[in-house]
Amino acid sequence: MSARCCAGQLACCCGSAGCSLCCGCCPKFRQSRTTRFMYLFYFILVIALCCVMMTPSVMKQVKDHIPFFEEFCKKTQAGGDACENLVGYSAVYRVCFGMACFFALFCLLTLKVNNSKSCRAYIHNGFWFFKLLLLGAMCSGAFFIPDQETFLKVWRYVGAGGSFLFICIQLLLIVQFAHKWNKNWTAGTVRNKLWYASLSLVTLIMYSVAVGGLALMAVFYTQWDDCMDNKILLGVHGGLCVLISLVAISPCVQNRQPHSGLLQSGLISCYVTYLTFSALTSKPEKKVLDEHGKNVTICAPDFGQDLHRDENMVTWLGTLLLIVCISYSCLTSTTRSSSDALQSRYGAPELEVARCCFCFGPDGEDTEEQQNVKKGPRVIYDEKKGTVYSYSYFHFVFFLASLYVMMTLTSWFHYENATIKTFFSGWSVFWVKMASCWMCVLLYLQTLVAPLCCPSRQFSV
């Protein structure tokens with residue numbers, strides 16, 4: 001069994017075979033999923049490397065424990081004479097440039113691939129050892145790019161544009177997810193009236209979360225005679241939640257879109273509340289002198305100040321959350337259903353089957369593979385009849401995610417003094433989250449108002 005396992009893993013690393021787990025008690029995996037998880041693993045490796053590079057103490061530790069390191073830098077000129085370019089925001093820019101080029105290359109390589117038996121599909125699904133070497137070579141080669149100042153300046157604007165597009169894709173998916181959720185559960189009310197209770201309960205919970213969240217932020221992030229900017233922010237966002245709720249149930253919208261309702265607006269309101277909270281926690285601390293002449297932080301909760309004192313815990317928890325969120329966004333936005341949602345392609349309402357877990361396919365899907373699961377190999381080749389997701393679009397999303405990670409880790413446009421302890425706070429981070437919040441509201445309103453403005457055009461929502 002061990003020899004067979006080693007042969008299988010060797011074929012996975014150096015050939016086109018799919019990857020799997022060796023132990024007999026481990027579940028079998030579909031090739032389409034293992035491929036995406038392997039690319040995600042490479043992506044997380046590079047993020048971890050970037051986080052290390054943003055840690056100020058790393059360079060000192062490396063110089064102290066590796067005697068030939070400084071001499072190596074002088075000879076290769078890869079990190080400057082004193083290796084100063086191997087850490088900090090410039091190093092993250094270079095490493096993320098290499099990772100972005102890696103995914104851009106595979107995006108072009110897999111264009112128009114619809115058959116998993118093609119040569120390019122074999123390259124996409126296998127040869128993991130050689131792809132790891134290629135990724136390492138691209139990230140390392142970025143340190144030898146001439147005219148570093150021009151490169152960093154141009155790449156910064158490319159990163160900002162790509163990050164904006166990545167955020168737009170995620171916001172579009174959230175809006176379309178809300179519409180799909182309501183449409184699926186509403187379809188269930190035709191056969192079972194209990195779906196009305198489910199719709200009402202979930203809607204009530206989401207509005208309770210949104211109202212409660214805004215109320216708690218008003219208590220902890222404002223003061224009676226200060227924090228006017230926070231008060232205005234909470235008032236505006238609360239007003240936006242009320243606006244989208246009224247528009248969603250207005251008669252003119254209901255005539256054109258009978259499936260529009262409070263479930264979608266409740267979900268968007270919850271997301272607006274989350275982004276508002278995230279933005280407020282990202283604002284730089286505001287300090288004033290009290291009556292005793294001591295600096296005190298205002299417009300922030302006391303427990304938040306105590307938490308910020310434990311910088312290591314906040315930093316690493318935030319880093320872990322960042323990795324989880326980006327990984328989830330990349331994987332969920334590259335499925336076939338998500339691609340259809342971005343193009344507003346859905347099944348006919350009469351064909352909708354209401355399910356609690358409506359994100360996944362209906363029961364009985366892929367029955368052929370399930371019947372052979374006990375007899376087949378450790379990998380289920382689920383793309384025999386065609387690809388189950390767009391290879392090129394998958395790599396394009398990871399290309400944009402690479403740019404988003406680069407801008408996030410370097411505090412967007414306040415990159416000079418950025419470290420791993422500061423990339424979750426700052427005015428750039430605050431305004432990016434605010435812009436994301438407003439853009440989400442506008443995208444949702446667009447899906448409601450567009451059919452009214454263009455009555456002759458068919459909108460599938």
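Backbone N, Cα and C define each Cβ position, glycine as well.
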Do K385 and T447 sit on the same side of the membrane in Swiss-Prot?
yes
If Swiss-Prot marks one of N114, N417 as N-linked glycosylation site, which residue does it mark?
N114
Which of these ranges is annotated transmembrane segment in Swiss-Prot: 9-29, 261-281?
261-281
Under 8 Å for C-beta pairs, could you tell me which stretch among 91-111, 126-146, 393-413, 423-443 has the largest tally with the transmembrane segment (158-178)?
393-413
To the nearest Å, how far is the Cα of N114 (N-linked glycosylation site) from the Cα of N184 (N-linked glycosylation site)?
29
For the topological domain 'Extracellular' (112-125), what are the DSSP-based totals of helix, strand and coil residues?
7 helix, 0 strand, 7 coil
Determine which recorded stretch among 91-111, 126-146, 232-252, 261-281, 393-413 has the most C-beta pairs below 8 angstroms with the transmembrane segment (201-221).
261-281
Just give the helix, strand and coil counts over the topological domain 'Cytoplasmic' (147-157), going by DSSP.
10 helix, 0 strand, 1 coil
Taking N114, N184 as the glycosylation sites to compare, which has the smallest set of other Cβ atoms within 10 Å?
N114
